[in-house]
């Protein structure tokens, strides 16, 4: 109801504000008897954490994973696996000037409208920091998916108007923008650094490919696999759109072009993006999300304050000029959560 | 779990196959004491039903609304409001040749993979016919939203490569493609009729605008208002993508361009599409969905049959050359369901 | 949220009022490929239906089962299995005098308090008639449980102060009160007939035994198997209490008496009623429910009317002098729903 | 699904094992803007904690409440309110001898059957320690209910065969067994101390009274207020039965005796226990739960070990000779959770 829980058969519940004591996640429905180590989770946390390069915020969150429950002698027990991350390097004073004014692009105004009260420190619950708990939960899902032979990889496809022209999966984690084209990556970094210097930010497109999913996954009607992935992705603050397979290009295609024909060996094309009728085809699942430019920019902007007066604001702080590189592990984490949940739902249906 | 229920505080559960006896919807969580009439629902059903014009399938489904429970002396009672629609004009024999072959673009293959069994008659549960139950449920939600002053309107924005250039809300229901530009509508009809004659189909883009929503609606983190709308829309079989406000164009914008500034009178732009941080701003909510070309075409296509053999298939039957005109009321219905649910969730949070 | 849905992985949603057009149930999460016939469901409906003997109401509800969806060529498809039962022999006029007065023991007053409106005809949604939809849903669950080797049997243990002294399972369906002791049954029938003649009613105790459940079923903490069974049973209108195994007698036992010891062959006693820590032990699951006397009696009673005035009321109509015999199949149905749901939840956890 | 979440509109999710690092609770759906302090929660924790008197285990858990999120400047923010309790005085070695044998009355056997793995240390997740997280969550619910004028009080009604003869609410917290009859309390303490000396334990009955609930609370059909309370109570490990109002005595009453008549001033009796048709009448809600004797006793008992061999076991450790005194705040906490949830559900329905 209140929206801090995701999934049904494999379910996470997260808590925590940007500048509170800690954030964390409780994972319920974990398969018992699976070997898991804090390191398995830490490696994903490190991909999301800030301060990795010139293109991310220098805020230091060590994001050290602490498993509090659900693991015994190195194995999952089937009881809730809870993970806590303590907040560090909190500088609430840096945000004191934003206490009274609504930062453009941020949820300051809407949170106040909704709750009548808000924790203004670093965006409170609306902070991108919240996604750290998702990545921790997703890392556990990924661990379970590995046993099923499922692989999930996301990467920057376009950034600041620069598009990847090639797809080199090995290149992704070797460049700071996590682009799939190492040459485009060089241009992207330049672009982002330039925008950062100007106090501005840019958007981009992140693509995700999922391999090894069995055909037959996804529930019909409302909980279609693509519907659930869409919800998962749009639940990430900066994401403003999603498309599967041919996506929006399908709007300009004919049925004879878009339909994926088959021969005796299987599908010949993948315009559907690996999902038909909400159910996996067994092909690669492919989708792209539109990532808006980071809202926090230091250029002056017009806004309103809590008294209803107009004022100018410059969002000083430590921010990412583009969130794409750090959103990549969040996209993967959410995809992992959706998939593991649907594997378990399929098991329930057949079981 | 099994995916035939949508919503939490205002919730629908649907049932029924394309060529079974009946389809229907149970609506739970209806505000009591609200005047409602079968006519209120029928009017929406009639917008979705086939056989309305040259651009829709000639299949006759009378789609006569029968309320079976939850209404007493013309008012809702707060108990489940159930609606049944009996199927007519079923011609299962027309589909007997598709019993063994997987029609490209259809969920024949994936349903069989998922369940190991399928009702092949007219796509069974995977048929677009299933959306009739959604429209019935959405009509009840719409009735409740009217009391809140919320208005929802969707329309064809692009069809078969032809784009609307103007926005004339009054024109929408006056042309058979439900386009917002009457001149473009003329071209669209021509295009669709031509494709139908060729045995082909085309996709398009449907846009939805929602007005009168209070600021503060939507749950943070996973159940963001845009995330829920995204799930709702992608749960419609033919939808392959969604974008809010500036949408995918945000990927090429700078923060200084995309951020919606405010002055003392409120927001100056609406690149966010009326939702920030997953919560409504009080502005118009705007999103667009990509609709794929209708999968059923009579041109010959290559496919596989259940024995794993390649064969040619021509989908004979009564189909829409483009589903956009009839998807418009479905998009509106799903939006109504999401909004009424979130109004009630907000009431619970504050209550 | 609104309470008309039960279960998670195997889930029913019911609708319908006592004197409306129809009542029904949608069952979601049905295992596909299972042979099912309307007769499998009808046999359970017939056990619950009124007019079976001198100890039940003469109201005629034919309760003919119509499957509307989810079954194809005699097998379940995995899509929602919906069942409708049309109401017959409705005599709303018989209830017109109760429109304005609150019948003691009935939910007239509380429904009006809750909703501000009520369908007074035959108790509307609060009628015991609603349980017919549960029995239909339970019959489908029972069909799935049979494949697992699970057997559920309930029976009258005590009625109108007369207690069963023996347990003869074969006798249960052979006497009109469904008692497990044929001699006590004779006395019970006499007692009930006498009370009916006096315009009064009586309560009783129904016991349920479940065999063949694997050890390890039930979720820890909140969704313990006994907790879910308790909710299921207390959701039946006339049930006012439940106890497992030794039950309330445990309050007067010592740990050394109550603890079920084991030897190499397994448990030596079953004071726990087959559930420890909320999880099945593999032994017989045993519980008892307290059934209150039927509220509808023709003796005069004091009550209040909707204007707040005191008045006398005599509940004329067709009622059961004791609901125990007809509650037996409802208890079984609810137990079936809980068990099938938990089998599927276990499959999800391990899957 | 996996059972570690309770409630819908007001929802808690708990985690943690008896001898792990920490246990905790996330509370979602908290009304924003309500003043709350760790002390409000601590006072309830202190009522549940061990080591309070001669009749409770001497295990020391300081149970110091730490709020990690959801409160800002002393007020709730509407975001998840998370509370953590660090475990102290863990002596896993004390349990090393029970690692391989199943303790009678404990969930050792059933957990292993369910999960194939178990954290044997102090019963792991199945420990009564888990209820500390419930009490923390319940304390927040209680805070919200106070604003609604709702009061919840539970107490020992019977212990070790000794029954309270009077009801003195002021006496409850003044005697170590939390009995409502101070004279009976003296006898109960003697009885419990004697049993403890003998290495044995005893059961009892806890009664709960709830005042100030508006009429009209509770959902019809499956989520009846009594059904939800029954689930809540049976979810407490040691509870084996529940009854409302006249409860099991109703089985021997006539309709003319059990029906609660009304006059112009309202109900004249309360055999229903304040709930009719699953909805509150506005009267006092009254129920009783049967509490089994503590399973851990130091008398020798027969059992099986994980190898399937019979062996003798004596449960050495620090245990409560009767759990009734400490279960009282847990019963209250669960009742608070159910009520606050239903107030919010009612707000959603009407909202």
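Backbone N, Cα and C define each Cβ position, glycine as well.
These come from TrEMBL:
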type: BINDING; residues: A:48; note: NADP(+) binding site
type: BINDING; residues: A:125, A:126, A:127, A:277, A:292, A:293, A:294, A:295, A:296, A:318; note: FMN binding site
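Under the DSSP three-state reduction, residue A:125 (FMN binding site) is assigned to helix. Note: the CA-CA distance between residue A:294 (FMN binding site) and residue A:48 (NADP(+) binding site) rounds to 16 Å. In the three-state DSSP reading, residue A:292 (FMN binding site) counts as coil. In sequence order, A:105, A:203, A:238, A:239, A:240 constitute the residues six or more apart from residue A:292 (FMN binding site) in its chain with CB-CB distances below 8 Å. Take the Cα of residue A:48 (NADP(+) binding site) and measure to each of the binding-site residues A:125, A:127, A:296: the nearest one is A:127. Using a CB-CB cutoff of under 8 Å against chain D, the binding-site residues that qualify from A:48, A:125, A:127, A:292, A:294 are A:125. Chain B has a C-beta under 8 angstroms from the C-beta of A:125, A:292, A:294, taken from the binding-site residues A:48, A:125, A:127, A:292, A:294.
For residue A:294 (FMN binding site), the count of additional Cβ atoms within 10 Å of its Cβ stands at 27 [all protein chains shown]. Counting every protein chain shown, the number of other Cβ atoms lying within 10 Å of the Cβ of residue A:296 (FMN binding site) is 26. DSSP classifies residue A:48 (NADP(+) binding site) as helix under the three-state reduction.
Within 10 Å of the C-beta atom of residue A:127 (FMN binding site) sit 21 other C-beta atoms, taking all shown protein chains into account. Residue A:125 (FMN binding site): 29 other CB atoms within 10 A of its CB, across all protein chains.
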